[in-house]
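Here is what TrEMBL says about this protein:
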type	residues	note
DOMAIN	158-251	domain 'CAAX prenyl protease 2/Lysostaphin resistance protein A-like'
TRANSMEM	25-48	transmembrane segment
TRANSMEM	68-90	transmembrane segment
TRANSMEM	111-137	transmembrane segment
TRANSMEM	157-177	transmembrane segment
TRANSMEM	189-208	transmembrane segment
TRANSMEM	214-231	transmembrane segment
TRANSMEM	238-258	transmembrane segment
């Protein structure tokens, strides 16, 4: 039973402590560390064969490159591994269905309207947030490191849209951050009773892996993560609108970047 959908938060943002079965801090740390560790280790699975192949071909270590296909495979592999470990932890408690709630709202119209609102909100945050970062002396988010790989060829674009934008980011990140992480935080003593603290922490953790975009990227991405987390809370735990909007935002960014690259 999804208690978030039946027991609303109070006006000060606190959820009654009986809403969620608690987990201890030790278990929370163990779960987050194992998910993160497996995520990082799995990222090397596609890179290692590619690196060895280049070394055997006589490429100097400093000249070894990670191409578009290998990098896309790295993103997909690491996300799949991280979500799998998260699933194992949730399965241990019998909470997979509650945390990984991919059911639609009362109608597809409502689901898509929420997704549309999130889509518009995400691009507003990108635009206004980027300007705000520059105003305070930080660089605006710079995703060129990834977009340069995306725009290498039409095949690269297709692989990144399907494998990364839709599956690894759209589905995987929502399951991992808004699904698993928010569920874990909402059950932790000292955190779970305050939805705003849960939203802030999951947003901060979500933003950190985007450090390759600079600190401006971390902050702006964290703001989007906060909005996504708020949407999950308001939707009673449903992740489906978030998966749709996340995939749509990333796909739009990749298509626009490819269009600019080819003129």
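For all residues, glycine too, the Cβ spot is worked out from N, Cα and C.
From a predicted model like this one, the values you see are computed outputs, not experimental measurements.
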Chain residues in Cβ proximity to the transmembrane segment (238-258) (below 8 Å; excluding those fewer than six residues from its ends, i.e. six or more beyond): 100-105, 111-112, 114-116, 118-119, 122-123, 143, 147, 150-151, 157, 160-161, 164-166, 169-171, 173-175, 178-179, 228, 231-232
Long-range Cβ neighbours of the transmembrane segment (214-231) (under 8 Å; 6 or more residues past either end): 114, 118, 121-122, 125-126, 129-130, 133-134, 138-143, 174, 177-178, 182, 198-200, 202-204, 206-208, 241-242, 245-246
Within-chain partners of the transmembrane segment (157-177) [C-beta distance under 8 Å, separation at least 6 from its ends]: 35, 68-69, 72-73, 75-76, 79-80, 82-83, 86, 100, 149-151, 202, 205-206, 225, 228-229, 239, 242-244, 246-248, 250-251, 254-255, 258
Predicted model, mean pLDDT over the domain 'CAAX prenyl protease 2/Lysostaphin resistance protein A-like' (158-251): 97
Number of helical, extended and coil residues in the domain 'CAAX prenyl protease 2/Lysostaphin resistance protein A-like' (158-251), per DSSP: 80 helix, 1 strand, 13 coil
